[in-house]
Amino acid sequence: MHSSALLCYLVFLAGVGASRDRGTQSENSCTHFPTSLPHMLHELRAAFSRVKTFFQMKDQLDNMLLNGSLLEDFKGYLGCQALSEMIQFYLEEVMPQAENHGPDIKEHVNSLGEKLKTLRVRLRRCHRFLPCENKSKAVEQVKSAFSKLQEKGVYKAMSEFDIFINYIEAYMTTKMKN
């Protein structure tokens, strides 16, 4: 009986130690996040470069989907929410449609989506960068314009993904200065 109690106690202590290590890892990853951000943005840009030409050639529209009002939201007090909503918009609405353009495109868009998900996880883990609740009107305008473009919306949104990366960079630069 004593040996089973001792075993349970040792398992408990091991669990406590492991959870402490995870907490330290999470804190360390947040400490190093500002220095790893340029690398993450570089990876996003590299992944996008594999599909950029395809989607920009298909985008025959002159108007911009991602405009200055969205950038202003990214730089202002709604930056957190705008970033969060735009990541969700690309992951849930744009990229699933973008994947429907052949196996090569699907593979590259999927890779791009995974990198964007990784960024989102890191941002959420470090509450300093994504502590938000309010809605962004600029994001709602982007979503509305995207819907109105119907099948052309995916070309427009994907062709402007590099602008989105630039907006992420602008938001993160602002947050790191604060």
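Note: Cβ is positioned from N, Cα and C throughout, glycine not excepted.
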## Note on the structure
The residue that Swiss-Prot pairs with CYS30 in a disulfide, chosen from CYS126, CYS132, is CYS126
### Message
Say we define neighbours as other CB atoms within 10 Å of the CB. Which of the disulfide-bonded residues CYS30, CYS80, CYS126 has the fewest?
### Response
CYS30
### Query
Taking the Cβ of ASN67 (N-linked glycosylation site) as centre, how many other Cβ atoms lie within 10 Å?
15
### Query
Cα of CYS30 (disulfide bond) to Cα of ASN67 (N-linked glycosylation site): how many Å, rounded?
30
## Note on the structure
Rounded Cα distance, in Å, between ASN67 (N-linked glycosylation site) and CYS80 (disulfide bond) is 17
### Summary
Here the Cα-Cα span from CYS80 (disulfide bond) to CYS126 (disulfide bond), rounded to a whole number of angstrom, reaches 12
